[in-house]
Amino acid sequence: MSATQAIPRRVIGAVVATGIMSFCGVIVETAMNITFPALMSHFGIGTSSVQWMTTLYLLVVASITPLSAALKRRFRSRTLFLCANLLFLTGLVIDALAPVFPLLLLGRAIQGLGTSIALPLMFNIILQEVPTKRIGTMMGVGTLITAIGPAVGPTFGGLIATTIGWRFVFIILIPVLLVSLVTGLACIPSVPIAADGDQAGLGPLDVFLMVLGFAGLIFGISNASAGWLSWRFGGALALGLIALAVFTLRARHQAQPIIDVRLFTDSRFSLHVGAYILFEISALALSFILPNHLQLVDGCTSLQAGLVVLPGAAIGAVLAPLSGRLYDQLGPRIPIISGSCVALIGLLGFALTARQLTAVAILILYIFFMLGIGLSFGNIMTNGLHRLSQEQQADGNAIFNTVQQFAAAIGSSLAATIVAAGQAAVADRRLGTINGSQHALILLLVIGTLEVLLILAALRRSRKQQLD
């Protein structure tokens, strides 16, 4: 890592190029959330089916991202980038032309493959190339690139859906990916990021166990309404947990595992990861609940719904690099604790006003929540990785990126399941949406409270060890 404070333009270009793909993945996800009612009408599907547009994408990303540490050691970064970009472009073309819903899902899955390579590659470049005293700021920039998606996605999706049709969400992003391709080929070095690539472990059995584990958990969560004892819920969860348990046992005794799960023996790292998971669950659940509530309960158009959540999402995105700079200058406690508490205030407001939520109330409360996200979310990851040695950071980065996508899938699936259950319980769809949204928002308040407790414990242990 460079000892100077200057960040080479090549590094900035590489971060932007890889970040654009992550941005495109998130913007499609959030833009399609706002068009779910239109997709349901076009393809004749229900809420529990349409949410797989988000869940399947996140499932693929969460299943493949753990491979990033091994891929980093085995393949040239330019090769990884090129593969990711071409996969994403292929997925966009498929979705732009898809005549049936299953083909639409296939395109999203292929896009997930591209994102799962690009996202950890971006953060690996930051950790490898950026001076230590600038890492907080650049991690914030990386977070900003991906956070712009939720900021503009709902408005972008609403505008496109109400003017030229939802398919143009995919068509418009094709030239954006081409810009990423050109920038990346110009800026990303052709040499391997790590020198010990031949030692990277990608055993077929371990890959199978890992994918099976995440797939089982996500499938189970998405079918929670089927009942605790059903094979679709209880059976899938049990299968996923068993597969991940076997994978973990094998990884603990391997010299070069796909992902070093022994990092979880560090309680400070584990607490940071736990808080990161809970934050992501809350954020993705809200990104599903709020646009659908605005349209199905408040009678907003998809464009109006997007405009309501735009200010909050924009504030959260813009704050990401600023909070990273605060981290560099003041340390982790002030931005992380203040951000977590502000986000919790937003969740408390949602829970207390769940049955009387208006567009104005949603706008104000979402600003509170995203203000907290902007201050703390990226810094939780930065501080968790800061506790690791440079040799461990690639695995730590893989863990954070994996659990982020996995938690996002859980958040969207959980919200969709609860809202769908509320809609199924009564004949009036509007009333059912209100009931389901209320139950989901109360659960998010509980999750937000747990997140604050975890991060306080993590920071307290870190401070105690520094004093010792």
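Cβ coordinates are placed from backbone N, Cα and C, and glycine is handled just like the others.
What TrEMBL records for 10-463 is domain 'Major facilitator superfamily (MFS) profile'. Under the heading transmembrane segment, TrEMBL lists 12-32, 52-71, 80-103, 109-127, 139-160, 166-188, 200-222, 269-290, 302-322, 360-385, 406-427, 439-459 (among others).
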(request) Go through the chain and flag residues at least 6 beyond the ends of the transmembrane segment (406-427) whose CB is under 8 A from any CB in it; none is fine as an answer. (result) 46-48, 51, 54-55, 58-59, 62, 214, 217-218, 221-225, 276-278, 280-289, 292, 433-440, 443
(message) Any contact between the transmembrane segment (302-322) and the transmembrane segment (139-160)? By contact I mean 3+ C-beta pairs closer than 8 Å, pairs at least 6 apart along the chain.
(response) yes
(request) Using a Cβ-Cβ cut-off of under 8 Å, list the residues of the same chain that are 6+ residues beyond the ends of the transmembrane segment (360-385) and lie near it. (result) 127, 135-136, 139-140, 142-143, 147, 268-269, 272-273, 275-276, 279-280, 282-283, 286, 290, 293-294, 308-309, 311-313, 315-320, 322-324, 326-327, 332, 335-347, 349-350, 353, 393, 396-397, 400, 455, 458, 462
(message) If we skip the immediate neighbours and take only residues 6+ beyond the ends of the transmembrane segment (109-127), which ones have a Cβ under 8 Å from one of its Cβ atoms?
(response) 11, 14-15, 18-19, 21-22, 24-25, 28, 56-65, 67-69, 71-72, 77, 80-81, 83-92, 94-95, 135, 138-139, 142, 145-146, 188, 193, 385, 390, 393-394, 397-398, 400-401, 405
